[in-house]
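Participant: Pasting a structure below so you can have a look.
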Amino acid sequence: MTGLVHSWLSVWLWVATATGIAFTAFIIRKWNTWGWGDRLAALTAVWIVPHVWEEWVIPGGFHYIYNTISGSAAPDRYPMNELTDMITNFGVLILGVAAVMRWGGRASVAIAAMLFCAVEVVAHTLSISSSLNAFGSRGQTAWYDPGLVTALLGYLPLFIGFVVYFVRNKPRPNGRHWLAGVAMLGVLLVTIWGPEALLKDPQSPYPFPNHGYYGQFVAK
């Protein structure tokens, strides 16, 4: 089983990328027939792909600051490891695409997407301070953590777009829409934190192969 998991971990990001490309083609095809709620929700769903590329590969290393902040003695694999983070990110992609395909950008979906954008922006902005506190003495001077660029260039404009959309369009979402949107966000948060809660293991056989952005500071 471990071998099969390792095989999947070696290709899943490419599968996610292919899914993102296919969904982007779908967005382009539907763009002129969609309203702005549909467009923003769809863009939010697909933006997880470049966001994960920044967290995992270019430059990668989000796991390292996340685990370091958690006080881990094994920041390459605990509490976040490759398996838990794959389930999280691939799950968010599939759920987001499925929601848009099924419901479009109806108010509850748009609310959930807007709140998710806010969570990503706040999380990565707050991580800057933690990153500098952890690695400033080892040479980090940039106000950066892996995932910040795609959060600020993608999720922040999308969040603003949702706010403008809700202000300009009537009827505005009612309490039931907000309740449903918060519930949908709850499902996404369970997808994000659930795998880690269930599968975290300081002896995990699924460590990240490198420290990404933080590799330049770890040996100092």
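Glycine is no exception: its Cβ is also placed from the backbone N, Cα and C atoms.
Pulled these from TrEMBL:
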- 6-28: transmembrane segment (TRANSMEM)
- 86-103: transmembrane segment (TRANSMEM)
- 110-128: transmembrane segment (TRANSMEM)
- 148-166: transmembrane segment (TRANSMEM)
- 178-195: transmembrane segment (TRANSMEM)
Participant: As a test: from 110-128, 148-166, 178-195, pick the stretch that has the greatest number of Cβ pairs under 8 Å with the transmembrane segment (86-103).
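Facilitator: By Cβ pairs under 8 Å, 178-195 leads among 110-128, 148-166, 178-195.
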Participant: Mind checking which residues reach the transmembrane segment (178-195)? Cβ under 8 Å, same chain, six or more beyond either end.
Facilitator: 83-85, 87-88, 91-92, 95-96, 99, 107-112, 114-116, 119
Participant: What parts of the chain pack near the transmembrane segment (148-166), using Cβ distances under 8 Å and only residues at least 6 beyond its ends?
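Facilitator: Sequence-remote neighbours of the transmembrane segment (148-166) are 36-37, 40, 43-44, 47, 50-51, 53-54, 110, 113-114, 116-118, 120-121, 123-125, 127-128, 172-173.
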